[in-house]
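Have a look at the structure below, then the notes.
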Amino acid sequence: MTDLVLSLDVTGRKEALRIAGACAPEIDAIKIGYPLALAAGLGIAGELAELGLPLIADFKVADIPNTNTLICEQVFAAGFSAVIAQGFPGPDSVTACVEAAHAHGGECYVVAEMSHPGALTFFSAGVPERLCEIVAETGADGIIAPATRPERVRALRALIGKKKILSPGIGAQGGDPAEIAPLVDGMIVGRAIYGAADAAAAARAYAPYRR
Ligand code: O7M
């Protein structure tokens with residue numbers, strides 16, 4: 001299965017609920033992060049969760065273990081089913097997120113490599129590979145890997161095996177769904193869907209890539 005994950009980075013509560021509702025039949029999960037949570041409040045998570053789709057918290061949690069635990073407790077209490085963490089703070093920080101996620105029956109994903117050009121400043125020279133080792137060590141459920149660099153997704157897949165890969169960078173950032181979908185478990189798409197005049201139709205256009 002290659003899921004379609006709607007990245008709902010709008011900053012209005014009503015707009016978010018309208019787009020999510022319209023797209024719900026065409027998507028497999030919703031990801032929200034700081035743009036919507038800061039604009040609408042964390043309560044938006046509970047409202048979106050009512051759609052019955054998995055809801056991923058993209059807060060790229062990156063603190064000491066105790067603070068990560070406190071953040072993740074809020075995330076899962078709010079109704080999310082998964083959290084995304086940064087791996088660079090180290091395995092103990094990731095473990096805090098994994099333990100909180102699993103205690104709530106949820107999942108934890110670790111950013112292994114980012115999709116934008118400047119990401120290569122630090123996500124290079126063996127760092128993503130080391131982050132994949134941390135995913136294995138901590139029991140995290142999968143990684144975030146860039147749809148803008150399919151060859152890197154292939155390389156990281158060889159390291160993480162059957163753990164899940166969620167991949168952003170399709171559409172607005174230039175990633176090609178036909179190329180990336182066979183390599184990953186989830187395509188993360190934001191502007192190409194929520195920025196379209198007809199968001200549901202834009203989401204439906206990804207149907208051929210949802211296996
Ligand atoms: O399709 P877009 O470009 O409008 O949105 C992509 C979303 O994925 C947006 O929410 C980004 O913050 C996020 N993202 C990336 O674009 N690149 C990354 O490397 C990582 C993420 C992400 O989701 O990290 C968890």
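Note that Cβ sites are derived from N, Cα and C of the backbone, with glycine treated the same way.
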Candidates ASP9, ASP176, ASP198, the one TrEMBL lists with LYS31, SER115, GLY190, ARG191 as binding substrate: ASP9
Additional residues around substrate, ordered along the sequence, whose Cβ is within 8 Å of the centroid of ASP9, LYS31, SER115, GLY190, ARG191: SER7, PRO168, ALA172, ILE188, VAL189
Contacting recorded positions, sequence order - ASP9, ASP63, GLY190, ARG191 vs ligand 1, Cβ under 6 Å: ASP9, GLY190, ARG191
ASP58 (active site, for OMPdecase activity) to GLY190 (substrate binding site) - Cα separation in whole Å: 13
Between LYS60 (active site, for OMPdecase activity) and ASP9 (substrate binding site): CA-CA distance (Å): 14
